Amino acid sequence: MKQYQALMQDILDNGTDRGDRTGVGTRSIFGRQLRFDLAEGFPLLTTKKLYTRAIIHELLWFLNGETNIQYLQDNKVRIWDEWATEQGDLGPVYGAQWRSWACPDGSTVDQIAQLIEQIKTKPNSRRHIITAWNPADLPDESISPSENAEQGKMALAPCHCLFQFYVADGKLSCQLYQRSADYFLGVPFNIASYALFTHMVAQQCDLAVGDFVHTFGDAHLYHNHLTDDIVHEQLKREPRALPTLTIKRKPASIFEYKIDDFEIAGYDPHPTIKAPIAV
Ligand code: THF
């Protein structure tokens, strides 16, 4: 994962310091890409320790179509707490858009179920796309995330907003377009999450894994992460060998995976680096 650090250095060297919605301020660049060959190992960052269970639970929660943080809290995952209402609601964020995109006629589209069906029946299609960017449900940025959720809007506009799958030579690749990327805290989660999802879709469709391509719009380092003990510490560390992912059984559908189905072996990261999250 040397390329993760290379892009971090690129943001430091070539980024522009600017304001943002959260008020924290960022150094940011626009339009970059990382590529991971998933056959070479599971792209879990080794230059700090990541909490893998949080990443897996969040993905299973998205796939269940859920948008209330109760399931995450039951599993001690706190990464969405800051944005939810008192009742734990986030409005129609990822899970809602992926599984039940609202149509004008009152019906809904299950983009994930359609994706699996289409990859199985028409692998060469150029339309294997999932989008969470639903303009009708976007938040009003002049009010808070939880106020938006109270009003039935998304608490936060989707950051990882569109992704596409591609099948060639029996291998499944995935490309994500991330419009806004918190490079220190969010991106390591996002890489692992989409790599995991690609492995699951490949298993369901009897394909091997190809590349995960991560395309960025605004990739930024928050100003309060630009310190000796956060970003500069991260850049000093030597990347280690990647772990491997094993999926221990093949569930009957993409919606039936459980946390214990996943085994990550050989993960030997450098220690955690704590950093404040911008809300
Ligand atoms: N807002 C911001 N500012 N950054 C993000 O990455 C982000 N997300 C989601 C929604 N809003 C965001 C939430 N995802 C952590 C990681 C991912 C998150 C939110 C928080 C985090 O704090 N990680 C810590 C500790 C994790 C833990 O152990 O609980 C870490 O060290 O990795 C991007 O999709």
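A Cβ is built for glycine as well, from the same backbone N, Cα and C atoms used for every other residue.
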According to TrEMBL, Arg21, Arg126, Arg127, Arg179, Ser180, Ala181, Asp182, His220, Leu221, Tyr222 bind dUMP; which one of Asn14, Asn134, Asn190 is listed for that same site? Asn190
Between the binding-site residues Arg21, Arg127, His220, where is the Cβ count within 10 Å the lowest? Arg127
Listed recorded positions: Arg21, Cys159, Asp182, His220, Ala278. Which have a CB under 6 angstroms from an atom of ligand 1? Cys159, Asp182, Ala278
What's the number of neighbouring CB atoms sitting within 10 A of the CB on Cys159 (active site, nucleophile)? 17
Does anything in the same chain, at least 6 positions from Tyr222 (dUMP binding site), have a Cβ under 8 Å from its Cβ, and if so what? Thr22, Val24, Gly25, Thr26, Asp182, Phe184, Pro276, Ala278
